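Undergrad: Below is the structure I would like to discuss, written out as structure tokens.
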Amino acid sequence: MIPTLALVGRPNVGKSTLFNRLTRSRDAIVANFSGLTRDRQYGEATHGDKRFIVVDTGGISGEEEGIDSYMAGQSLQAIEEADMVAFIVDARVGLTAADMQIAQHLRTCNKPIFLLANKVDGVNESIVCAPFFELGLGDVIGIAAAHGRNINTMLDTVLENVEPEAEASEEDKAKGIKLAIVGRPNVGKSTLVNRMLGEDRVVVYDMPGTTRDSIYIEYERDGKAYTIIDTAGVRRRKNIKLSVEKFSIVKTLQAIDDANVVILVMDAQEGIVDQDLHLMGHVIDSGRALVVALNKWDNLDNDHKSYVKTELSRRLQFVDFADLHFISALHGTGVGDLYKSVHKAYSSATEKLNTNFLTKILEFAVSQHQPPLVNGRRIKLRYAHAGGQNPPIIVIHGNQTAAVPKNYVRYLEKIFRKELELHGTPIRFEFKSSENPFAGRKNAMSKKPEHPSRRANSGGKSINRRPRPKS
């Protein structure tokens, strides 16, 4: 399970700067959810082969009324949800009473605490870090978040006991497709989970997942195995009212990362809101297959339906690869159709791609529309091969590949998606500049390549297309 690192500290010690550094200056993936304290940001970061969620807790201000004023409400919850805590102090300001109060609270959390002294650039690091040993939190790691100083060393320490992401085991595969049902509060996630489990389900067992409060529910439908990652709390303890849907951003992000396919539920009555788009952005960043379900569709009149469809076509162009379903989870309308899209997306995301066919598609794409010139020289794209699954990663080798513009990458994605018949999954491209392995041979690009779909009639070896998934 992808771990969570909470950034904690007084205002202006550099939490947001470090957050942007770790997430490569991307905006918060999820922001401004109702019920969250100001300025809390959530993002995903990588260090080598390790991935983790970063939380900029915010909301720690003032020094007069004790720890409750610094870490009220959602900030305390973020620390509670986190697997690790980075306590950031200002090396230039030095140790303050507020730092000592925060440290006193953190010592009771029973979590790994890492003390980071920020802003050590231009000063004697050992001298400015020395006072913070008084906090009793162990070693002090000096960093300069604004300039990236010691960030990699700090991450080596923080992530030392975090395991790299592992491939799915045979045991996990036997449990079937993992579905994460995600969405804003009160869009109908609980109702959809119950409807998908249905009266004809075969529930093997319900067990708490390693994600706090998420439940992994194994079941069968039409002889096929599935595991729903339930973040909505439909099976919580009886003393928690089911009408009050708990919402945890960390829990949602972890569910997305652990899933094979994500069903994003939206409320048709409210239309598309920014929070929906933020969640979609995280699904794409995570490389997960996506199915979009617009719930409560039966509550709309025809004029409202027409307006919502227009808005969908306008605002969801960046996820036009995902199937869109209009459903009523309460009455079951359209819910069964979700499974066909789930299988189609899962098959596309996990299909093994043939190197020969990928190179033929690349040759065809280049013949139809060549890459641009860079400094008077044409970018050369020579061959392609698969680099991974879930999402499909296509590695393209050539010359000057670092200069391939984004609009040409979008063109390549369109061609590869069409020829590979990939539905419901993002595609990743990796470009590598390298020596041509076919040097000395006749360049296959010197003659106009035929369309990949006509390969079977070319006299060469046919490359079978991926079989279409059965619904």
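The backbone N, Cα and C atoms fix where each Cβ goes, glycine too.
Pasting the feature list from Swiss-Prot:
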BINDING   9-16, 56-60, 118-121  GTP 1 binding site
BINDING   183-190, 230-234, 295-298  GTP 2 binding site
DOMAIN    3-166  domain 'EngA-type G 1'
DOMAIN    177-350  domain 'EngA-type G 2'
DOMAIN    351-435  domain 'KH-like'
REGION    432-471  region 'Disordered'
Undergrad: If I take the alpha carbons of VAL120 (GTP 1 binding site) and TRP297 (GTP 2 binding site), what is the distance between them in whole Å?
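TA: Given the Cα positions, VAL120 (GTP 1 binding site) is 56 Å from TRP297 (GTP 2 binding site).
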Undergrad: What is the number of residues in the domain 'KH-like' (351-435) that are helix, strand and coil, as DSSP sees it?
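TA: Split into helix, strand and coil, the domain 'KH-like' (351-435) gives 32 helix, 26 strand, 27 coil.
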Undergrad: Going by C-alpha distance, which of the binding-site residues GLY9, LYS15, THR57 is nearest to LYS189 (GTP 2 binding site)?
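TA: In terms of Cα distance, LYS189 (GTP 2 binding site) lies closest to THR57.
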Undergrad: Where the distance is taken from Cα to Cα, which of the binding-site residues GLY9, ASN12, LYS15, THR57 turns out closest to TRP297 (GTP 2 binding site)?
TA: THR57
Undergrad: How long is the line from the C-alpha of ASN186 (GTP 2 binding site) to the C-alpha of LYS15 (GTP 1 binding site), rounded to the nearest angstrom?
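TA: Given the Cα positions, ASN186 (GTP 2 binding site) is 31 Å from LYS15 (GTP 1 binding site).
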Undergrad: Please report the three-state DSSP label of LYS15 (GTP 1 binding site).
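TA: The three-state answer is helix.
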Undergrad: Measure from the CA atom of GLY183 (GTP 2 binding site) to the CA atom of GLY9 (GTP 1 binding site) and give the result in Å, rounded to a whole number.
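TA: Checking the Cα atoms of GLY9 (GTP 1 binding site) and GLY183 (GTP 2 binding site) gives a distance of 30 Å.
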Undergrad: Hey, which of the binding-site residues ASN12, THR57 is the loneliest by Cβ count within 10 Å?
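TA: Fewest other Cβ atoms within 10 Å, among the binding-site residues ASN12, THR57, is found for ASN12.
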Undergrad: Between the Cα atoms of THR57 (GTP 1 binding site) and GLY183 (GTP 2 binding site), what distance do you get, rounded to the nearest Å?
TA: 22
Undergrad: Let me know how many other Cβ atoms fall within 10 Å of the Cβ of GLY9 (GTP 1 binding site).
TA: 24
Undergrad: What average pLDDT is reported by the model for the domain 'EngA-type G 2' (177-350)?
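TA: Overall, the domain 'EngA-type G 2' (177-350) comes to a mean pLDDT of 81.
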Undergrad: In whole Å, note down how far the CA of LYS15 (GTP 1 binding site) lies from the CA of GLY183 (GTP 2 binding site).
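TA: Roughly 28 Å, rounded to the nearest whole number.
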